[in-house]
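Student: OK, Swiss-Prot features for this one:
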type: DOMAIN; residues: 335-369; note: domain 'EF-hand'
type: REPEAT; residues: 47-76; note: repeat 'ANK 1'
type: REPEAT; residues: 184-213; note: repeat 'ANK 2'
type: REPEAT; residues: 217-246; note: repeat 'ANK 3'
type: REPEAT; residues: 250-279; note: repeat 'ANK 4'
type: REPEAT; residues: 524-553; note: repeat 'ANK 5'
type: REPEAT; residues: 557-586; note: repeat 'ANK 6'
type: REPEAT; residues: 590-619; note: repeat 'ANK 7'
type: REPEAT; residues: 623-652; note: repeat 'ANK 8'
Amino acid sequence: MALADKRLENLQIYKVLQCVRNKDKKQIEKLTKLGYPELINYTEPINGLSALHLASVSNDIDMVSFLLDLGAHPDVQDRMGCTPTMRAAELGHELSMEILAKAKADMTIVDNEGKGVLFYCILPTKRHYRCALIALEHGADVNNSTYEGKPIFLRACEDAHDVKDVCLTFLEKGANPNAINSSTGRTALMEASREGVVEIVRGILERGGEVNAFDNDRHHAAHFAAKGGFFDILKLLFAYNGDVGLISINGNTPLHYAAMGGFADCCKYIAQRGCDLKWKNLDHKTPRAVAKEGGFKAASKEIRRAERIANKLARPGAKNPNPLWALRLHDWSVEREAFLREAFAVLDRGDGSISKNDFVMVLEERQDYASSEQLAAIAHLHEKTRGGGVNINEFFKGTRYLNKSFVLGSYGPKKKEKGMGKKGKKGKFVLPLPICVIPEYAFPRRQDGGPPYYMIETYKNVTDSSRFNRDHPPEHPIQDDSVWYIDDSEKVFSNINIITKAGDLASLKKAFESGIPVDMKDNYYKTPLMTACASGNIDVVKFLLEKGANVNATDNFLWTPLHFACHAGQQDIVELLVESGALIDAASINNSTPLNRAIESCRLDTVKYLLDIGAKFQLENRKGHSAMDVAKAYADYRIIDLIKEKLDNLPKPAENQKLKGKTPPILKTEGPEIKKEEELLSSIYGVPTTSEGKKVQKGNVVHLNSLITSGYTKKVDITFIPRRIWSPEATTAELIRKRELRRERFTHEVDFDDFMMPFQKNITEKARALEAALKT
């Protein structure tokens, strides 16, 4: 239709488009009657959109019907050549598309690139699939190609994994199975093989698709199937006379690609079906070298086994027991099993077998891979006695005329037969230890139905970033008026221990002020103080101690914060906890003390500090190991010498006394005992209770009467309370200084992704040293 090119025409068409958006039918009707003739079919000058385009895009079926009744043409095109039907199909608006189809919209129109309406239906939704069905029912060309030479069926096969139903529908409607992209040489079969959709590959081959076509790079469909490791597609291609040994321009065979991906079954299959095992690509690498380079032992093993078989057959006078025609016949018969069983059923003698002549006749009529003499030889191998006939089930197994390792039944996981083979030795019984977590139902929920209390709201300053930031904060609360024109972001809740590890003191402070206990445990029994000690954040530790955190709280393994601090090797945090009342000989679930954790981290300063303040190094854990035994196990001679010195300086005990420390009793860090009848789930799992104060209803009569009697109504309150107050943030200079202190504390390695805390670093170094020693 005509583009509006005059000022009055422009104004009128824009007015019509605006009325379509506003659904103003009266004004549209008035403009079409009194405006330019055929105004309803005019398009605006920029994008070429008409009124029907807008209605179709918005899926306003009422407006689409109204415009069609006013005389709107369903085939008007925009500047891209797209009709309203194409725009509706692109967005999956099936209702609008159905109305346009009933209005006899032309489904064969193409846009400026040669794309028909079906190109706009290639998206992985049910609505787009229904749009494609509508287009096909009303005459869309299923063999439409773009001006660059890409057919619609090939375009659908490029996304076959997502639009499988669309591809199968195109095939049923008569799409060319040999659709080819003239610019690249790719066929629909190659694209379907690359996507790994067996149903589409089978549909193409059954409809006469060319199986041995190759693209401009001499890539065959088998190359793409092998690259993706699609074993079932490789079977299909070979069964339909596909060549799995074709060499591409870069010198790679399908076996090279299967070896690159480490697909052992694919490597075995391709090697058995005639691919050259010794062929080298342009990098001068054989398939086995490629598999070995990638570290795929199973694939390399299969190729090596095939090479040994090939070397035996290369000897003079050797006969191949698995000829290529027999392999192809076997794969084809398995693929067409249902079809062949129907043909055999007519000639069945009643015992599941047919005569030799009938067997040869049925197969000779339906395949070209084996001659009548070869089929007769196969039938003879199946006859147990003269005239005994061919057992149909035995034929489909293929083991009568092929080796067991070459039939399709040898692939895939092997089933173990009951009662066969020797019984292996019973391994050491290992008690399965699940991850111990507090169940969600044990946590009390918020009154408003929000998440559990260990999930706290993250705090952040919401302000106009063009006016204020961390380096230029507002001077006073009234100056920051951005709350009046910036919307509040939605509440975001995070695990209290994740926030603790990140050092977000503002969020923690807000949570504690709202009634969240400072010793709140998450679903892994950890309190914020434990997490802060484990991550080595001394600022958060100080903050939590100021808030009254329990320094002797325990998790499910009875670790205290001091255990975590010693395990992390944080000397200053250890001193801070001890000064705050932490028990230096607190026993964990296996009777290990903080001293044992410090020894495991190989931190000499922490071990020396604990020994100096009186930590008992004679105590033994459940395995009977003392501090000296642990030090010897971790092989730090500095700590061994230190403990040995302490042992030498001990006063000698009396002869009738044994030098064996008593394990301190396990501390109860929870509240007072509760009667079993009144015991809650939260107390069973050690979850602290959260108290939410009752909010006084401002409309309550009692509350209002108390205000009146107290003279509150006579007071003039001029207090201004800002809606939001800027929370102090660290400046850029402070953040840089904080990073410098962090580097001084944890060394420069803290800035790298592979940073490890002392214990993990110690274990890793020991393991690497042991591995290096074993290699030498």
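Using N, Cα and C of the backbone, Cβ positions are placed for all residues, glycine too.
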Student: Sequence-remote contacts (6 or more beyond its ends) of the repeat 'ANK 1' (47-76), Cβ cut-off under 8 Å?
Tutor: 1, 3, 16-17, 20-21, 23, 25, 28-29, 32, 38, 40-41, 82-85, 87-88, 91, 93, 95-97, 99-100, 103-106, 109
Student: What mean pLDDT score does the domain 'EF-hand' (335-369) have in the model?
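Tutor: A mean pLDDT of 87 is what the predicted model shows over the domain 'EF-hand' (335-369).
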Student: May I ask for the residues of the chain that lie six or more residues beyond the repeat 'ANK 4' (250-279) and have a Cβ under 8 Å from a Cβ within it?
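Tutor: Hits for the repeat 'ANK 4' (250-279): 217, 220, 222-223, 225-231, 234-235, 238, 243-244, 285-288, 290-291, 294-296, 298-303, 305-307, 310, 322, 324, 327, 405-406, 411-412.
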Student: Give me the DSSP three-state residue breakdown of the repeat 'ANK 6' (557-586), ordered helix, strand, coil.
Tutor: 17 helix, 0 strand, 13 coil
Student: DSSP-wise, what's the residue breakdown of the repeat 'ANK 4' (250-279) into helix, strand and coil?
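Tutor: Once the DSSP states are binned, the repeat 'ANK 4' (250-279) shows 17 helix, 0 strand, 13 coil.
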